[in-house]
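The structure appears below as structure tokens.
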């Protein structure tokens with residue numbers, strides 16, 4: 001009987017690793033504050049995180065765990081009012097000169113002007129794959145869900161369940177794809193008025209400080225990477241094979257037609273010698 005009980009407890013432990021989103025959803029248990037000297041605050045018994053920026057410093061966190069594939073969700077409420085010069089980030093990243101990274105960055109703006117969502121994918125330390133979007137709502141008035149689906153076939157960026165960008169695995173065409181390096185989840189709020197708003201023309205108005213962004217409902221339905229191996233069996237995770245169906249493809253095309261404001265694959269001035277190789281394949285979604 002003792003042996004059976006021990007086996008059952010091991011089974012429960014493995015299940016809790018497989019579906020991390022069922023385990024915590026608590027910023028105290030899921031994340032470490034990495035910088036900001038008290039400007040990152042965990043409130044409401046771990047259910048709410050606020051990041052603050054003033055002239056002296058911003059603030060940031062990183063997840064305690066690393067993940068290799070998964071669906072990561074976070075609800076954000078962005079800096080209100082005149083947020084020009086500020087950048088709120090939520091992203092996945094590994095470490096080192098050849099790191100991989102999957103980025104959501106939210107570029108602040110003058111009061112009344114829209115935020116810009118800046119997305120990028122780094123592979124083997126190289127980014128330069130930016131796409132930018134306006135939103136179809138006010139992201140400062142309430143919380144909205146921003147999601148990253150990352151599996152061996154594709155990366156999909158979602159806003160409130162609507163896909164805004166797809167980055168497909170084209171390693172067979174000689175294009176790098178992030179599928180070897182486990183990544184942590186990061187969030188931060190910092191000053192980037194040298195580039196963030198209108199190319200750096202609009203500077204941060206520090207009379208509005210402190211700037212505050214809020215985060216809640218972190219979920220990681222993902223494979224935890226520990227001791228050099230993954231915690232989960234791909235066959236039990238539907239997201240591991242997920243791609244866009246026809247309905248989602250239509251939503252993606254609607255967003256890219258009406259809300260995309262920059263696509264590296266159409267920037268002739270930036271690439272006068274020819275576009276990156278990935279732009280030759282399904283360039284509207286790469």
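Glycine is no exception: its Cβ is also placed from the backbone N, Cα and C atoms.
Nobody curates TrEMBL annotations by hand; they come from automatic prediction.
Annotated features in TrEMBL:
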type: SIGNAL; residues: 1-23; note: signal peptide
type: DOMAIN; residues: 21-215; note: domain 'GH16'
type: ACT_SITE; residues: 101; note: active site, nucleophile
type: ACT_SITE; residues: 105; note: active site, proton donor
type: CARBOHYD; residues: 109; note: N-linked glycosylation site
Within the predicted model, mean pLDDT of the domain 'GH16' (21-215): 95
Cβ-Cβ neighbours of residue 105 (active site, proton donor) (radius 10 Å): 19
Cα separation, residue 101 (active site, nucleophile) to residue 109 (N-linked glycosylation site) (Å, whole number): 25
Cβ contacts of residue 101 (active site, nucleophile) (under 8 Å, same chain, 6 or more positions away): 91, 92, 93, 94, 120, 121, 122, 127, 178, 183
Neighbour count (Cβ, 10 Å) for residue 109 (N-linked glycosylation site): 20
